[in-house]
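Student: According to TrEMBL, the protein has these features:
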- A:18-23, A:Asp42, A:50-53, A:Lys66, A:111-116: ATP binding site (BINDING)
- A:Cys167: active site, glycyl thioester intermediate (ACT_SITE)
- A:317-368: domain 'Ubiquitin-activating enzyme SCCH' (DOMAIN)
- A:560-569: compositional bias 'Polar residues' (COMPBIAS)
- A:592-606: compositional bias 'Basic and acidic residues' (COMPBIAS)
Amino acid sequence: MASASSPVIKDAKVLMVGAGGIGCELLKTLALSGFSDIHIIDMDTIEVSNLNRQFLFRQSHVGQSKAKVARDAVLKFRPKINITSYHANVKDPDFDVDFFKEFNVVLNGLDNLDARRHVNRLCLAADVPLVESGTTGFLGQVTVHVKGRTECYECQPKPAPKTYPVCTITSTPSKFVHCIVWAKELLFSKLFGDKNQDNDLNVRSSDAASSSKNVDDIFEHNNDEDITQYGRRIFDHVFGYNIELALSNEETWKNRNRPKPIYSKDVLSDDFAKQNGNLDNDNACSDGLSVSAMSSLGMKNPQDVWSLRENSRILLEALRLFFTKREKEIGNLSFDKDDQLAVEFVTAAANIRAASFGIPLHSLFEAKGIAGNIVHAVATTNAVIAGLIVIEAIKVLKNDVNKYRMTYCLEHPSRNLLLMPVEPFEPNKSCYVCSESPVLLEINTNRSKLKDVVEKIIKAKLGMNLPLIMNASNLLYEAGDIEEDMVAIYDANLEKVLAELPSPVTGGTMLTVEDFQQELKCNINIKHREEFDEEKEPDGMVLSGWTQPASAEETKDKSVSNGANTSDAPTAAESENDDDIGIVSPVKKRKLPDDSNKPNTDDAKHQKQLQVIDDEDDLVMLDGNLDGFKKRRVS
Amino acid sequence: MDGDGEELTAQETALYDRQIRVWGADAQRRLSKAHVLVYGMKGTISEFCKNIVLAGVGSLTLIDDRLVTEEVLSSNFLIPPDEDVYGGKTIAELCCDSLKDFNPMVRVFVEKGDLSSFDVEFFSKFDVVVVSCCSRSAKKLANEKCRKASKRVAFYTVDCRDSSGEIFVDLQDYKYSKKKNEETIECHLKYPSFEDALSVPWRAFHRRMSKLYFAMRVIEKFEEAEGRSAGDVSEADLSNVLKLKKELCTAQSLNESHVPDTLLERLVADTTEFPPVCAVIGGILGQEVIKAISGKGDPIKNFFYFDASDGKGVIEDISDSNAGK
């Protein structure tokens, strides 16, 4: 290929985004390969669960900047090269197009879709090649994105975070993950989260007849109420009464197994209050995150699957501990996978619900993985992928266009291949990111506000960070660092319906939306439409002509996602600290009976013909399932 | 879950959380009881060692009595380029210091001696033996000793030249489980020894057999015939290597086009390892060893090739049972 002394490598200036699982391996391999000017950005700090694969980090580094520690560690065996570290978010305005232009190639080792899209846009704007990567467990892939030559990162649809119809969560769970989502997003939030937040627990779990006011009171803890009594009241309400109520709707259970109401007296003896955790016993640990229902009940192994009775005890003990040890946080809590007590509560609640619906119970370890969207990660896959990134980066630097490949690392060989190279696709001509094709927005211009368009379309769907909106030459809105008097005008505009804006937006209007940081400009053709289907089109608007994320599950109803740290969270800061996410499923040989390489066997959408590169005459056409991002695959 | 092991400690559960989610707690327990031996600490082996130390094997023993040279440093991130720390230490000793640091829960040892000097009893102490940078007869001998051990010792060879690499696997009589469509099924594979695999006639292979297989055998044979140590060839040897290729192809009734001259030229001219390929091969090998220890997942049977020039990572099954096909 190219030796370490080759000027192509030695003189290259390389930007790495991410110093996690792939990043550590990549920085090491780049340094060994002779790269001597490497810049690395990562906003994260080191955690214990990183140490099994992010080999540049030690126990003593926990809490420190990943980018900086990785730099220092590599300089120990390659002291003469230049590594510049940035403990920062790649979306910071400092990392603008001019910054990106300084580099010969950008290498991504990122953990979230949002940051990936952002870097893709900056690379397109700066006209710098991007080598993109991701791993999950034994699977991984490396792709090359060169403006005008290959497809950009956003030319192909990226799957949206998995969401579930509300009624599946509130009434008809059939998988353990449904119980987890219920426990985490509904019950936990209801009891410990912001009381002002909408919560479907009271909307759907009870009959429409009872007013929501009434139901709210049930979850309220009365000051004079014994905490154990309160816990049992909640228990009986959500696992007993609510199930009875649901059972009364015969229509629902025609083709389903009927759930079984569970009351606390059935699973716990009456003298339970006395034997269950002792108030005087557990005051040894008073700092928030170390409080644990498991330890106060003497249960140790997180791999054990608890009985219904054990789950019930954990649930009540966890609830009691929240109200006695962490009272101040109640009302402000949101689920955090590193919060032991929260994980215990959610595990127990999900298991009791699972028992009620005849779904197999799971251990705390497993439940934590599902609830926390924890990504499976091993060092070996990251090492392989990092090696492949460097090989691809060298081809890009040598401008060896015909040799560019996307490479998939498979768990089970396909046609004897464990590492499968595939020729990159050409740019998608209708991609709003890398071509200039406009998108179409159907919307009721007499009802929808500018704010709805900004939040639901421009930020959530088009992935812009700091948008500016123009109607012909009139500026309607601009985000970011602007003058105060303008802020007032724009804020006022946000609250106006489209047709009543200073320069009215109606059917036939073309809006121009621009993000200066991403140097992305996009035209939106507005089409007025009076009515929208509340169930199918809950946003009240429909965007077309863009690469629609492949929703993992049809959402006929309003939907609930499993957690706030989804891939399109507003900033990378809010995504989880785990690295290595975002794998595209490997290509799959046609008619191959073994489906094990394919994450979502039931999701055959977006199939694409791929061609395996071969030096032999007999080329084989393959079916590729490109939408199987496994990041949010939780079942 | 198998009942043989004690539970993982809280420390292990926290450290190995993400990988336990991949291969399960019972596999993690088996890993923590496994003893691995490596011989020949070049770049690929260093990558492999890093991977299995991070994975949490019970112990790792290193053998490489050589002293540090420029070439050793070039692809080895385990040795700091600081002559002050060498202090007459061997490569294995220097690597040992770094590896211990990666994971305090893994014991790392150094043994001294030439591969041929170790007896069956020595190899029996290990569950996995990986050898690199040695002659084909040394590999055969070590493989035979592992096969004579009282328990199964998984045997691997690994070598990288220029931008390509080869792994050989001998798991002898191997039973494992794998998940297929939600069900766990038991599988059984029989592996040939290194010697038996190499004696499978070339004409028995399928038409698309990796060209690297032939090229590696030609160079190996050349080195052996010339009395060279592994990797001790240069561009000056090319004409003799090509001559040997012709002879071998004729003897094996193989069309010479299966062993392109350009490929041999590449492998002979540049014997130094290419670090990205070390990472790829060391990663795949690490994965295979983890599979073999845990008894989970389809292992490679029995050769693996990666070449950065075409990007393919190919498995080839070269055994008698496969010959007649």
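Positions of Cβ are set from backbone N, Cα and C atoms, glycine also.
Where the annotation comes from TrEMBL, it is an automatic prediction and has not been curated.
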Student: Counting by DSSP secondary structure, give me helix, strand and coil numbers for the domain 'Ubiquitin-activating enzyme SCCH' (A:317-368).
Tutor: 34 helix, 0 strand, 18 coil
Student: Using a Cβ cut-off of under 8 Å to chain B, which of the recorded positions A:Asn52, A:Asp111, A:Cys167 qualify?
Tutor: A:Asn52
Student: Ranking the binding-site residues A:Asp42, A:Asp111, A:Asp114 by other Cβ atoms within 10 Å, which is at the bottom?
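Tutor: Across A:Asp42, A:Asp111, A:Asp114, these binding-site residues, the one with fewest Cβ atoms within 10 Å is A:Asp114.
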Student: Pop the Cα-Cα gap between A:Cys167 (active site, glycyl thioester intermediate) and A:Gly21 (ATP binding site) into the table, whole Å please.
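Tutor: Just about 38 Å between their Cα atoms.
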Student: Could you tally the C-beta atoms, other than its own, that fall within 10 angstroms of the C-beta of A:Gly21 (ATP binding site)?
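Tutor: A 10 Å sphere around the Cβ of A:Gly21 (ATP binding site) contains 30 other Cβ atoms.
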Student: By a 10 A CB contact count over all chains shown, which of the recorded positions listed here is most packed: A:Gly18, A:Asn52, A:Cys167?
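Tutor: Max Cβ neighbours within 10 Å, all protein chains included: A:Gly18.
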Student: Measuring Cα to Cα, how many angstrom lie between A:Cys167 (active site, glycyl thioester intermediate) and A:Asp114 (ATP binding site)?
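Tutor: Pair distance, Cα basis, whole Å: 29 Å.
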Student: When DSSP is mapped onto helix/strand/coil, what comes out for A:Asp111 (ATP binding site)?
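Tutor: Where A:Asp111 (ATP binding site) sits, the three-state DSSP reduction gives coil.
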Student: Tell me whether A:Gly21 (ATP binding site) sits in a helix, a strand or coil according to DSSP.
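Tutor: Where A:Gly21 (ATP binding site) sits, the three-state DSSP reduction gives helix.
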